[in-house]
Amino acid sequence: MKVFFILIIFSFTLATCQGHCIGSIPLPEMEDGEDVPLRTCVDTHDEKKHLIVSTWKTANSFSCECRQDGMWCCKEYVAVA
């Protein structure tokens, strides 16, 4: 039972260490007193603009996605065998 419990804890630790994601939630924009929907995201890695529902990879191994709720980037890992 002790070994099973240790394996469960190890698997949770491994799962949480595999992903490193960051997100940026855009500030609301106003135009004529009305909220303007988000049209683009600005990549904080290279300062380029990307359209909503687009995906791209950065030079420092992040896979990014621009969504209506903001920009989200996750670190890509290369498995060494």
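Glycine is treated like the rest: Cβ placed from N, Cα and C.
What you are looking at is a predicted structure, and each value in this text was computed from that prediction instead of being measured.
For reference, Swiss-Prot has these:
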SIGNAL    1-19  signal peptide
DISULFID  C21-C74  disulfide bond
DISULFID  C41-C66  disulfide bond
DISULFID  C64-C73  disulfide bond
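Taking CA atoms as the reference points, C41 (disulfide bond) and C64 (disulfide bond) are 10 Å apart. The 10 Å shell around the Cβ of C73 (disulfide bond) contains 24 further Cβ atoms across the protein chains shown. With respect to C21 (disulfide bond), the closest of these disulfide-bonded residues in Cα terms is C73, chosen from C64, C66, C73. Highest local Cβ density among the disulfide-bonded residues C21, C41, C74 belongs to C41, counted as other Cβ atoms within 10 Å over all protein chains shown.
Of the listed disulfide-bonded residues, namely C64, C66, the sparsest CB environment within 10 A is found at C64. Looking at C73 (disulfide bond) and C66 (disulfide bond), their Cα atoms lie 9 Å from each other.
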